[in-house]
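J.: To start, I am sharing the structure in question, which I have written as structure tokens.
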Amino acid sequence: MPGATDAKPTKPLKNPCNLCQSVRAILKRPKTGQQLCKECFFHVFETEIHNTIVDNKLFNKGDRVAIGASGGKDSTVLAYVMKLLNDRYSYGLDLVLLSIDEGITGYRDDSLETVKRNRDQYQIPLLIVSYKDLYGWSMDDIVKEIGRKNNCTFCGVFRRQALDRGAIMLNVDHIVTGHNADDIAETVLMNILRGDLPRLQRCTSIITNDTSEDSSGIETSKILRSKPFKYTYEKEIVMYAYFKKLDYFSTECIYSPNAYRGHARVFLKDLEAVRRTAIVDIIHSGEALSASVQANESTKLPTMANCTRCGYISSNELCKACLLLEGLNKGLPQLGIGHTTKIRRMAEAANLASGLSSPASLSSSAASGAAEENIKVVTHIKDLGQLETMPSLDSV
């Protein structure tokens, strides 16, 4: 009608969120290509992790769970999301933070300050376990001894064992780590490139059980490990941390640029640029290959037992950590890396020539040497109570 006020037509929303259609999208998911608003991204990110936890039955109500915390983006987001989901869905978990201090000046000391802030922000107790207390060596000491080649081998072996030892101190049932889809795909590639197919089973499993028994039939460790971020892209973890304004440490380890993993990472990023599903595709391929390997008895992993020196889980008489420590303490850091038998013969010859103690007595001599420096070195996993200098939950 003439003179009537016509209502102005609603302007169509430019670039709406693919899910809610009511808010403008501000990001594009690297995993799916969906254009989402911030709140919808938070919802799908958290829901996918919740579904991963529920579908794989990672936890039982009442479990005491240690969150491996380094202060980096992955572990910070993991701690935040675990607390969030635990409260939202009533998992009934008792959460604690567990950090490993490798002793890397200018890197780990700074990142641990971030972990301590996370402890206060999320109100989750924290325990810090150090290489120096457990092994008598820090990574700075090790790098001075061996140089920058193979240092990641030492750190990886020591960290895995330190996590288990810390978990025993905390009396937890479960350890969760921030390994994401990119990390797992990289490990699959590395194992394939090295021809180490039997290890695909462990790297592709979302949950592993480190249960073992010593010669007397007493269990020394029954701690489950899981990766709730198994199918979560690294880029999405970064986006989540950014939009949630989480407090995390972003500097790369000063000793990692020469790591073999770095080459696999570059290759994976190139694949992802061409095909966004490449990361998950590689994980699924690793799972399929793992199933084939398990069906072939000749390629199964060796039977696990206990290290005769420290009591830790091992497929040989000595675990990898004890073998590496033996080399460090004897001045033969390549012992345990590469052609071990040849290097061990050299070590024995050096012992005979110089009148040094035999490998069987090395742990006691290392412990006595450490005692002179007021450092307590654990020589058996059952002797963890000796670590009186280890910070408690209340003192950290």
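Keep in mind that glycine also has a Cβ here, set from the backbone N, Cα and C atoms.
From a predicted model like this one, the values you see are computed outputs, not experimental measurements.
Pasting the feature list from TrEMBL:
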DOMAIN    65-252  domain 'tRNA(Ile)-lysidine/2-thiocytidine synthase N-terminal'
BINDING   Gly68, Ala69, Ser70, Asp74, Ile100, Gly178, Asp183  ATP binding site
DOMAIN    306-335  domain 'Cytoplasmic tRNA 2-thiolation protein 1 C-terminal'
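Distances, neighbours, how buried they are, the whole picture for these features please.
T.: The Cβ neighbour count for Ala69 (ATP binding site), using a 10 Å radius over every protein chain in view, is 30.
Predicted-model confidence for the domain 'Cytoplasmic tRNA 2-thiolation protein 1 C-terminal' (306-335) is 84, expressed as mean pLDDT.
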J.: Would you work out the biggest C-alpha to C-alpha distance among Gly68, Ala69, Ser70, Asp74, Ile100, Gly178, Asp183, the residues that bind ATP according to the record, and give it in angstrom as a whole number?
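T.: So the maximum pairwise Cα distance among the ATP binders is 19 Å.
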J.: Please list, in sequence order, the residues in the chain of Ser70 (ATP binding site) that are at least six apart in sequence and whose C-beta is under 8 Å away from its C-beta.
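T.: Listed in sequence order: Ser99, Ile100, Ser111, Val115, Gly178, Phe249.
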